[in-house]
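Trainee: Sharing a structure here in structure tokens format.
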Amino acid sequence: MKTLLLTLVVLTIVCLDLGHTRICLNQQSSEPQTTETCPNGEDTCYNKTWNTHRGSRTDRGCGCPKVKPGINLRCCKTDKCNQ
């Protein structure tokens, strides 16, 4: 009986993927690719792009921030989806 209970607990943890955290890219513009592990409960990555007098700029990270008009924002929910 204890073995059955333990098996059910392990199966539940595996199936629910408890504790999984999202991994997002977090480099800016043309910097080398880096990643960050998002805080628990944060399951979204973002990629925002805007134009400046120096050209197009890109910022990436965890979450899905509100942006001002003129900034293109793309949010997604898989690891490293914010290319």
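Keep in mind that glycine also has a Cβ here, set from the backbone N, Cα and C atoms.
Swiss-Prot feature annotations, pasted as is:
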SIGNAL    1-21  signal peptide
DISULFID  C24-C45  disulfide bond
DISULFID  C38-C62  disulfide bond
DISULFID  C64-C75  disulfide bond
DISULFID  C76-C81  disulfide bond
Trainee: Return the count of C-beta atoms lying within 10 angstroms of the C-beta of C24 (disulfide bond), excluding that atom itself.
Mentor: 25
Trainee: Under DSSP, is C81 (disulfide bond) helix, strand or coil?
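Mentor: Assignment for C81 (disulfide bond) reads coil.
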Trainee: Count the other Cβ atoms sitting within 10 Å of the Cβ of C64 (disulfide bond), across every protein chain shown.
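Mentor: Here the count is 17.
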Trainee: Cα within 10 Å of C24 (disulfide bond): which of the disulfide-bonded residues C62, C64, C75 qualify?
Mentor: C62
Trainee: Just give me the nearest neighbour of C81 (disulfide bond) among the disulfide-bonded residues C38, C62, C64, C75, Cα to Cα.
Mentor: C75
Trainee: Which disulfide-bonded residues from the set C45, C64, C75 come within 10 angstroms of C38 (disulfide bond), judged by C-alpha positions?
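Mentor: So the list is C45.
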Trainee: Cα-Cα separation of C76 (disulfide bond) and C64 (disulfide bond), in Å?
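Mentor: Rounded to the nearest whole number, the Cα-Cα distance is 8 Å.
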Trainee: Which secondary structure state does DSSP assign to C38 (disulfide bond), in the simple three-class scheme?
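Mentor: Reduced to three states, the DSSP call for C38 (disulfide bond) is coil.
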Trainee: Using C-alpha atoms only, work out the spacing between C62 (disulfide bond) and C45 (disulfide bond) and round it to an integer in Å.
Mentor: 4
Trainee: For C64 (disulfide bond) and C45 (disulfide bond), determine the Cα separation and express it in whole Å.
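Mentor: Taking the Cα atoms only, C64 (disulfide bond) lies 6 Å from C45 (disulfide bond).
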Trainee: Looking only at Cβ atoms, how many others are within 10 Å of the one on C81 (disulfide bond)?
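Mentor: Other Cβ atoms within 10 Å of C81 (disulfide bond): 17.
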Trainee: For C45 (disulfide bond), which residues of its chain lie six or more apart in sequence with Cβ-Cβ distance below 8 Å?
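Mentor: Those within reach of C45 (disulfide bond), by Cβ under 8 Å and sequence separation of 6 or more, are R22, C24, L25, C38, R60, G61, C62, G63, C75, C76, K77, T78, D79, K80, C81, N82.
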